[in-house]
Amino acid sequence: GGAGAAMADGDGLVSVDYEVYGKVQGVFFRKYTQGEAKRLGLVGWVQNTSHGTVQGQIQGPAARVRELQEWLKKIGSPQSRISRAEFSNEKKIEALEHKEFQIVK
């Protein structure tokens, strides 16, 4: 990471897309991600991809989004083996675009 990221005010809302690589399918990764997001009060979605990764979008207060990003990089579900997590399209938003955090089939 570079130092170029300006500090967002702690409760400003952000949206960020993510994709998690590794052994992340068939290990309840989506269910645990949903649970963690709900615990943090975040909204968005999560789904399995056809190429063996898990992807989705997170929206909420910047500090909480950071927490879920760390969780996606390092923790995940108990049986998962995360090799890496990538984040993209991060932007500030005026209002949440999702009502809840859902698992997409």
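Numbers run from 1 along the shown chain.
Just so it is clear, glycine is given a Cβ too, placed from its N, Cα and C backbone atoms.
Quick look at what TrEMBL lists:
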ACT_SITE  ARG30  active site
ACT_SITE  ASN48  active site
DOMAIN    15-105  domain 'Acylphosphatase-like'
Taking only the CA atoms, the spacing between ARG30 (active site) and ASN48 (active site), expressed in whole angstrom, is 8
Ordered by sequence, the long-range same-chain Cβ contacts of ASN48 (active site) under 8 Å (at least 6 apart) are GLN25, ARG30, VAL54
Summed over the domain 'Acylphosphatase-like' (15-105), the DSSP helix, strand and coil counts are 25 helix, 38 strand, 28 coil
